[in-house]
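Chemist: Got these off TrEMBL a minute ago, pasting:
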TRANSMEM  30-51  transmembrane segment
DOMAIN    98-129  domain 'PAS'
DOMAIN    207-248  domain 'PAS'
DOMAIN    285-334  domain 'PAC'
DOMAIN    410-462  domain 'PAC'
DOMAIN    481-553  domain 'PAS'
DOMAIN    621-843  domain 'Histidine kinase'
DOMAIN    864-977  domain 'Response regulatory'
MOD_RES   Asp914  4-aspartylphosphate
Amino acid sequence: MPDRQKPRDTVLPAPSRATGLLRHSQARRAVAPILAATCLVAVAAAGTPAWVMPAAAGAVALAGIAVARSLALAAATREAGVAAERQCLLDMMDMAAILVRDTDGTIRFWSEGCRRLYGWTAGQAIGQSSHTLLQTIFSAPLADIETALLRDGTWAGDLRQRTQAGTEVIVSARKVLRHCTGGRVAVMENLTDVTGLRQAEADLKRSEAQLHSIVDSAAEGIIVAGTDGHIASVNPAALCMFGYDRAEELIGRDIGALMPTADAANHRRRLAEYQGSGPRVVSTPGRELAAIRRDGSAFPIDLSVSTFTNGRRYVTGIIRDATARKQAETELRNAEARLRLVQQVGGIAYTDRTLPDDAAMVSDDYAHLYGLPPDRTHITIDAWRELVHPADRDAAFARIDDVMRQGGPLALEFRIRRPDGTVHWIAMRLEVFLGADGRPQRVISAHQDITEIMQSREAEASRAAELERRVAERTAALGAAEARFRGIFDSQFQYIGLLAPDGTTLEVNHTALQATGRTREQILGRPFAETEWWPADERERLRTDIAEAAQGLLIRREVRNHVAGGRDIWIDFSLTPVQAPGTQDVTWIIAEGRDLTEKRALADRLAQAQKVQALGQLASGIAHDFNNILQAVTGAATLIERRPDQPDKTRHLARTAIEAAGRGASITQRLLSFARQSEPRTEVLATAGVLENIREVLAHTLGSTIQVRDIVATDTPPVLADRGQLETALVNLGTNARDAMPEGGTLTLAAVAEQVGGDGPHPSGLAAGEYVRLDVSDTGTGMDRAILAQASEPFFTTKPPGQGTGLGLPMVRAFAEQSGGAMAIASLPEAGTTVTLWLPRASTVVPTPEDSEDGHMLTGAPARLLLVDDDDLVREMLAAQLEDLGFATLVAGSGAEAVALLEAGEEVDAMVSDLSMPAMNGVTLIRQAHALRPQLPCFLLTGYVGERAALGAADSFTLVRKPVRVQTLAARIEAGLEAARISRTPGPGDGA
């Protein structure tokens, strides 16, 4: 079928109108099927129930014409027949892109319009699957489309398809479900090429998106408003500029809300001017106006305005916040003013030359700077060259010529000779700008008279030379001083070190290095607490001491140090902070140590001498008490001997003798404990027990004219102190009290817990804490103020020569302070004296001694004991007592005799020996006995604990102090025998 011309828009009659044209029912029945089919074509092609269709859908319009003509033909000539009408209709429809397919996609009809659109002829297309042929890409799943078509009878949408040439096209498809004769169902598709339309729409959307992106990301504010002044749109930059959060806060408001009230009339006038037609720029860019932020603050803006029409007139304003520009302009003006002031004050002149014509613009100060007449405002380069001092001319112009060839900046200092003959120094800074041809085009230079500066430099150079000479002299003197200091530093007998505040070792003297056997390089730079001087158990406390010294505290205490050879020594150690002048900042810490080993040994010997002296002074009282005890013992023994036939009386007298002996044992034990020499050892001491023991000693030694009493509750807290030193201090105080009461009196020992608070300084200088206060008071002669002030000074004494050392009270004070406490003395003439000791209160309780074993009775099998003692009386009495308890005894009067018995093969189960015997003491005897019989249990009896017994404590024997009750000794022997039996019994895995 030949192509037809593009039809004009055609108005199709509605179905009722077309049907009304027919006069006869037979004609109506004949035409109705055709009309119905035609209407479907019209609907499918147009995609809308309207009957007026655009010329773009030409096939549909022609179909409408064909309908009209067919109606007219049917009314006019019924004879033409249905076949002719249908053929005419199909010819008309063939102009559009219409296809008819089965529900499975098989093409049954392919119009000429389809051939023009896709390229395949009807012969090529009919019988093929439309989906496969056209390679259709559906906008929705095919199953969903088919379901909608079966449900609704129609479906419309865009499809992407391929032409025979392989080109992709976008078609607007209208699918209509059609029920044909014979029950067959067909689908009629009206297809319109909308590729160009969709591309145009996509380009439009992309352009709009780009425009929105540009507007939203623009740094300038953009506001669109109608010519009535109401805001239509606003971008984020404008919101931020005017202080708003959301566009809705501005859209619809009058744009005058963003302008000062004073500009309202002018603003309305300008909007009225914008009512012209056609888009045009109505304001030049950068017009400065005032604007108002949301908070009411005003700020300057640069505004450019244009108009456009989109059904109505709109005004677009592009706004830039001019605050920064205004500030920059102000700063620029100020900078220019400052520059002019600097030039005037500093005498700076400048020139601006253009080359090669040497045209120059010079400042007003230029002529004055070079000594030229004021009216000479131009000077050539050659003339300026002649002003440069001949001695500097060649060097200066050599550098100038280089920069003239290369371009760039140059700084020069040179002399000039003014026309009046005076010489001045000039500092010049110039910059050469080259043209496109590489030749100098412009030279800008600044010139300043620096004559006074150069004179100052010369003077400064002279002063610097003098200073260098002095520094060299002082450096030499400092080197000599340092050498002297090093000599003094290294020759000191005490250990000295210099530390950083963090504890790093900066310097140590030769004495300290010798103590460790290390070199300076091996020590310096290391943490002081980790050097070889310090044992592991001292290092943590030392770190704490260093931290406190770094805060400005003076640290001093006695510590134990390691020295070369594996020895430990005691030193008087201190950390002294050195603070920067005028500040509290610690810059260094001086560590010092003084060897106290010899001093401590002397102090120990002196203390022991004090004890011996005190014992000597107490000897008469001790002799008196022992005479009383001996009197009671001998009296009881005499009466027993004279009256052996009176059992009751005998037992009473025996108990009396035993009690008297017990009193004597108590006195000797306390005296031995007091006289014992040992290393200081801080321990928890029961306050009441210590005072009771000292009371007992003093009561038996001070004499009958002195009444000794103690006032202390049994629940008085324990103290932390060395027992021996505390007992020595109390005996010394008791002896002093006795001497102060020559006619007799009362000595009172008292103790009470005391809390020292931090509300003020304590009279004795005690730190806040918990203490136990011990008072030793007498009713003696007392002391006046002058004597009291010197009483605790070393070697001060009021006693006649030979009767006092003057070290008693100083040693008591030293003991109290070293224990963490203090001492104070209160005294008045004829009113007595009270010496008070404060000692730290212990936080733990004193262990309770175990129950006495005196009531123990022998329960094991009888044992044979070898009993060795050089005292016949003691040996005979002890043997009798042990035999009375069931033991068998073999006695020996010396160590040699006991060894002979063992070597002879005497069978004994254990050996009991005295310590102090001539020729061979008890410790030596036990060692020889063990050499013969290693498993023999041995028991050593001694009346004191001295060094020799302590050295033997590691051997296999049990130490028993005399005097001892026989029941206690028997219990110890039985326990030793049992332990020996257990050790000899084979274990489950041992052989027979």
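Here the Cβ of each residue, glycine as well, is placed from N, Cα and C on the backbone.
Help me understand the surroundings of these features in the structure.
Modeler: Per-residue confidence over the domain 'PAS' (98-129) averages 92 (mean pLDDT, predicted model).
Through the fold, the domain 'PAS' (207-248) approaches residues 254-256, 258, 267-268, 271-272, 274-275, 291-295, 301, 307, 312-321 of its own chain, all at least 6 residues removed from its boundaries and within a Cβ separation under 8 Å.
The secondary structure of Asp914 (4-aspartylphosphate), as reduced to three states from DSSP, is extended strand.
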Chemist: Ten-angstrom check, please: count other Cβ atoms within 10 Å of the Cβ of Asp914 (4-aspartylphosphate), all chains counted.
Modeler: 22
Chemist: How many of the residues that make up the domain 'PAS' (98-129) does DSSP mark as helix, as strand and as coil?
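Modeler: Split by secondary structure, the domain 'PAS' (98-129) comes out as 11 helix, 11 strand, 10 coil.
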